[in-house]
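Feature list (source: Swiss-Prot):
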SIGNAL    1-18  signal peptide
DOMAIN    19-84  domain 'LCN-type CS-alpha/beta'
DISULFID  Cys30-Cys83  disulfide bond
DISULFID  Cys34-Cys59  disulfide bond
DISULFID  Cys43-Cys64  disulfide bond
DISULFID  Cys47-Cys66  disulfide bond
MOD_RES   Cys83  cysteine amide
Amino acid sequence: MKTFVLALCLVLIGMVYAKDGYLVSKHTGCKLGCSPKIGDRYCHIECTSMNHKGDEGYCYWLACYCKGMPENAEVYPLPNKSCGK
């Protein structure tokens, strides 16, 4: 039982300190695009860069999706900034 409670606590701590979402351009407010064939490598590099500090990234629905970013990371949609408007 103690092992279960400890595992549950570790999972909850991981959920609190990790953020998932689409990378966003601060200039346009749009998602950072990618292509399905080569996008996974590109997105992984972008997501794990020093700018975003994510754990992993991949191309999903023609946009870069990141997992494990810090809570203060900006992801799509940005407040007060709509894409293309």
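Just so it is clear, glycine is given a Cβ too, placed from its N, Cα and C backbone atoms.
Across the structure, Cys43 (disulfide bond) and Cys34 (disulfide bond) place their CA atoms 7 angstrom apart. Look at Cys47 (disulfide bond): DSSP puts it in a helix.
For the domain 'LCN-type CS-alpha/beta' (19-84), the mean pLDDT of the prediction comes to 91. Considering only the disulfide-bonded residues Cys30, Cys34, Cys47, Cys64, the Cβ with the fewest other Cβ atoms within 10 Å is that of Cys30. For Cys30 (disulfide bond), the nearest of the disulfide-bonded residues by C-alpha distance turns out to be Cys64; the candidates were Cys47, Cys59, Cys64, Cys66. Cys64 (disulfide bond) falls within a strand when secondary structure is assigned with DSSP. Nearest Cα neighbour of Cys34 (disulfide bond) among the listed disulfide-bonded residues (Cys47, Cys64, Cys66, Cys83): Cys64.
Counting every protein chain shown, the Cβ of Cys59 (disulfide bond) has 21 other Cβ atoms within 10 Å. Taken through DSSP, the domain 'LCN-type CS-alpha/beta' (19-84) splits into 9 helix, 23 strand, 34 coil. Near Cys83 (disulfide bond), with the C-alpha within 10 Å of its C-alpha, lie none of the disulfide-bonded residues Cys47, Cys59, Cys64, Cys66.
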